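A.B. asks: Structure incoming, see below.
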Amino acid sequence: GTVPCGESCVFIPCITGIAGCSCKNKVCYID
């Protein structure tokens, strides 16, 4: 998880998770 997906995951999971993004430090990242 090094590239931010432009989405936060403080209250809800990453919607961009369908694109391979994961939550890290309250922000969604993708490798």
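Count begins at 1; order follows the chain as displayed.
Note: Cβ is positioned from N, Cα and C throughout, glycine not excepted.
So Swiss-Prot says this about it:
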type: DISULFID; residues: CYS5-CYS21; note: disulfide bond
type: DISULFID; residues: CYS9-CYS23; note: disulfide bond
type: DISULFID; residues: CYS14-CYS28; note: disulfide bond
A.B. asks: Could you round the CA separation between CYS21 (disulfide bond) and CYS28 (disulfide bond) to a whole angstrom and send it over?
C.D. replies: 6
A.B. asks: Quick one: among the disulfide-bonded residues CYS5, CYS21, which has the most Cβ atoms sitting within 10 Å of its own Cβ?
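C.D. replies: Going through CYS5, CYS21 one by one, the largest Cβ count within 10 Å is at CYS21.
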A.B. asks: Cβ neighbours within 10 Å, counted over all protein chains: which one of the disulfide-bonded residues CYS9, CYS14, CYS23, CYS28 has the most?
C.D. replies: CYS28
A.B. asks: Measuring Cα to Cα, how many Å separate CYS9 (disulfide bond) from CYS28 (disulfide bond)?
C.D. replies: 6
A.B. asks: Could you check which of the disulfide-bonded residues CYS14, CYS23, CYS28 is the closest Cα neighbour of CYS5 (disulfide bond)?
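C.D. replies: That would be CYS28, nearest by Cα distance.
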